[in-house]
Every structure is written in structure tokens, then in C-alpha cells.
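Peer 1: Quick paste of what TrEMBL says about this protein:
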- 9-41: repeat 'ANK' (REPEAT)
- 42-77: repeat 'ANK' (REPEAT)
- 114-146: repeat 'ANK' (REPEAT)
- 147-184: repeat 'ANK' (REPEAT)
Amino acid sequence: SHVSTSDANGVTFLHIASATRDFCAVKSMLENTADPNTRDAKGNTPLHYVMMSDNKQRNYVVDVLLEYGAKAELENEDGDSPLKIAISMDNSYALKRFLEQKFTGVEVRHGDETGSSALHFACAQGNLHMARFLLENDSDVNRRDHSGKSPLHFAFLNLKDQKVLHKMVDLLLEFGADVNAVDEDGNTALNCASM
């Protein structure tokens, strides 16, 4: 059908309607069997397109895509998922909606293919607002990725701004981060700071 027609880059009408936040068009296409998880040549889904938009209207489109089964954990070829984009764009509305979806709970609380959770990502980005939001919504402050690194390790390894690092460490400690946790190489988060 016409709703699944794509251009040479795999971009469908649903991708375009999502990018332009055209709620009525998105809803109509989904009602007419458009696949909410269709990917373009770079692996982006309609949810990726709408998440890259910085506009309040995007929330309506996020809602309808999720209602029709869009998956927030699907990564594009750059390794970015709509979930990670929500964190980097500081979109607490979308993140809250993703947390409500069963499928996203796996990545948020238990990690992606590297074992990193959304909290690891928020800590690496220095996004205090999102880190607090995730912690208040039951993210595991001591969750380890496959190399044994906790969100505290991620903060020390990635944050260069000392003021942001200090605030992130305080936040993680407030929620019970284990400062003595070691990764698979035997390093604590503080050891990582001096690397």
C-alpha cells in the first residue's frame, strides 16, 4: 500500500509525517497498517524522527506511535535509540512514556546489549535532570554493564566539567551508589577518575 512506500533512503511517508509532527497524518497511516517500527536506510524509525524534533507537538506523535506499538529501544546504525535521544534532548515527557511501556523497561532497568542502562547513559552525558528522573523511577543506581561499570564509573569516565561531576556524584550517592564497587579490571569509580 501507499503508506509503506519509501524513497531510495528507505524514508516512508510515516517517517516524514513523524519528523514534521503531523499528528493526523501519523494516526491515519497507523490506522491503515503502516508499520510504526519501519526503518530507513540508517536504521531510524518514525520514533527516532519525532524524538529529534524539539517541539511540544512531538508528544502527541510520540503517544500515537507508542499506542500502535513503536519500540523505544530500537537502535539506529549509530547506536542511538529513541530512549537515548529522549535523555540527550532532556525530554522527560517521552522518557516517562517509555518507562510506562513494558518493552522499554528492559533497556531502562536491565541494560542494552552492552549492559548499559538509561541511567549509565544519563550519567555519561552529565544530564542531572534525567538521572534524577530515572532514579526516582526505580532505575538501579548500582546496575553494572558487561564490563562491571556502574553509573558512578560512567560519570567519572565521561564528565570533564568538575561542577557537573560533583553534582552527579552527589545525586548518585543520595540514591545509594556504592563507591567501593569495582569493574572487571578491579577499578573503583574513583580509580577511573585518575585515568
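A Cβ is built for glycine as well, from the same backbone N, Cα and C atoms used for every other residue.
Since we're looking at a predicted model, the values are computed, not measured.
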Peer 1: What does the DSSP secondary structure composition of the repeat 'ANK' (147-184) look like, as residue counts for helix, strand and coil?
Peer 2: 21 helix, 0 strand, 17 coil
Peer 1: Take the repeat 'ANK' (147-184) and find every residue of the same chain, 6 or more past its ends, with a Cβ under 8 Å from one of its Cβ atoms.
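Peer 2: Those are 115-117, 119-126, 128, 131-132, 135, 141, 190, 192-193, 195, in sequence order.
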Peer 1: In the same chain, which residue numbers or ranges, 6 or more beyond the ends of the repeat 'ANK' (114-146), come under 8 angstroms Cβ to Cβ?
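Peer 2: The answer is 83-84, 87-88, 90, 92, 95-96, 99, 107-108, 152, 154-155, 157-159, 161, 164-165, 167-168, 171-172, 175-178, 181, 183.
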Peer 1: So what's near the repeat 'ANK' (9-41) in sequence-distant terms, Cβ-Cβ under 8 Å and 6+ beyond its ends?
Peer 2: 1-3, 47, 49-50, 52-53, 55, 57-58, 60-61, 64-65, 67-71, 74, 76
Peer 1: Taking DSSP states H, G and I as helix and E and B as strand, how many residues of the repeat 'ANK' (42-77) are helix, strand and coil?
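Peer 2: Final tally across the stretch: 16 helix, 0 strand, 20 coil.
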Peer 1: By DSSP, how many residues in the repeat 'ANK' (9-41) are helix, how many strand, and how many coil?
Peer 2: 16 helix, 1 strand, 16 coil
